[in-house]
Amino acid sequence: MSNPQTNLDEVVAPAPILTSPEKPSDHQDYLDNRNANEDREGHPIPEEEEHVPRDQVSNVQSGHHASDTWRTVYIVSHLIFFSFLGTLLRIAVECLTFYPGAPIATSVLWANVGGSMVMGFLSEDKNLFLSKKPDPKKTDEEGNSALQRVEAQNPPKKTIPLYIGLTTGFCGSFTSFSTFIRDIFLATINSLPVPLGQYPAISLFSSPPATARAPSGGFTFMAILAVLFTEIGLSLIGLFLGAHLAIGVSPWTPSLPRKFLSILNPLMVILAILSWVAVICLVILLPDYGQDSTIWGAELWRDPVLFSLVFSPLGCLARFFLSLKLNARIASFPLGTFVANVAGTMVLGMAYSLQHASISVSTYGGGSIIGCQVLQGIMDGFCGCLTTVSTWVLELSGLRRRHAYTYGAISVVVAYCALVVEIGSLKWSIGLTTPVCFAE
């Protein structure tokens, strides 16, 4: 029976480092080739079918259906739990790296680099999810090496819920494609936040003063290129650095025991449910003390961040199921990731416009403090987890060069044009205001 998780590019994309000095190879594996061996639903194309009695088929199918149902429950639980961790860490990294004198002011950059690095490590690692390690000196009577025997005894890591939770859940939520495109648009309108003042009495949400803006459109164009090249280039570097790290530490990388994974799976179901319920209860029950837009202000971490955690599992799960349904449709163009990134960016543009519109225009959107905080939670939580850079750069590294440039360029251009229409129409008509929940 085919595994639906094979549609996830996090688990089927070739490792970022395809050759090494120890094992040189002239054969290049591509994500295009792997998807070409599957049908439109992501199922492997069978070479030959063997006749099996009908009663045996029904028994096997019922057993597979039950195991697939539990595997899906475990995977969803891992995605929910790790989406919380990824969102929290992304917001914390944004606050840590936004300080006066920072060489790069786009705060989401280092979250994207860090998430891509973890993705590269997990994609290249060969030991972490092996319950038994091979002895390369031993062979059996049939001439099979120890590595071949161990690989046959161990389930592939693409079927392990923890691996999917770490890659699709944590790395995908730690990185944010929509925030990256938002920064490109803010560079276009000369409104990138600038860390001016004494740390930590600075805000990620305030527009830069006139003295900190670029003097003309030519400088704005250079700012757009700077955001574009640093985000994509450093994220790709992080991906390959993580893969190199996995190769370098492979002799000392421990293997997770199978018993640990069997205990973790049902435990994660409980943790995911309790965590989500606890976050929702905190949003409802915690009192509101006032406004505080400073980078480590208590009010910022009480309401906008809590709202982000409420919405983050929804974005992560939506991206996961979009990838399952759409990624195998076009071998050279990961449609599921593309739809998730563009849709998440469009939702962010809508929420950003409502939050930054004047109160008279958006009384029921960003006009109230609670509405403003909910919109911030949608942008950081739902949109941040629906869109991903780590999977995107992994796909870019796994596609053929022409397909990679086409896929990458279309993703950026379509998402950017969506923000030009959504936020640009407001900016160039009545203007943008400071959100009421972050006003001084």
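We number each residue from 1, going along the chain as drawn.
Cβ coordinates come from backbone N, Cα and C, glycine included.
Computed from a predicted structure; not experimentally measured.
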Residues flagged as transmembrane segment in TrEMBL, choosing from 17-37, 374-394:
374-394
Out of 72-92, 162-181, 263-285, which stretch touches the transmembrane segment (406-426) the most, going by CB pairs under 8 Å?
162-181
Between the transmembrane segment (219-242) and the transmembrane segment (305-322), are there at least three Cβ pairs closer than 8 Å, leaving out pairs fewer than 6 positions apart?
no
Positions on the same chain near the transmembrane segment (72-92), where near means CB under 8 A and six or more residues out:
5, 108, 111, 114-115, 161-162, 164-166, 168-176, 265-266, 268-269, 271-273, 275-276, 279, 305, 308-309, 312-313, 315-317, 320, 380-381, 384-385
Is it true that the transmembrane segment (334-354) and the transmembrane segment (104-123) have 3 or more CB pairs under 8 Å, sequence gap of 6 or more?
no
Six or more residues beyond either end and a Cβ under 8 Å away: which residues meet both conditions relative to the transmembrane segment (374-394)?
9-10, 13, 16, 83, 86-87, 90-91, 112, 115-116, 118-120, 123, 167-168, 171-180, 231-232, 235-236, 238-239, 304-316, 318-319, 323, 337, 340-341, 343-345, 347-348, 351-352, 354-355, 365-366, 408, 411, 435, 437
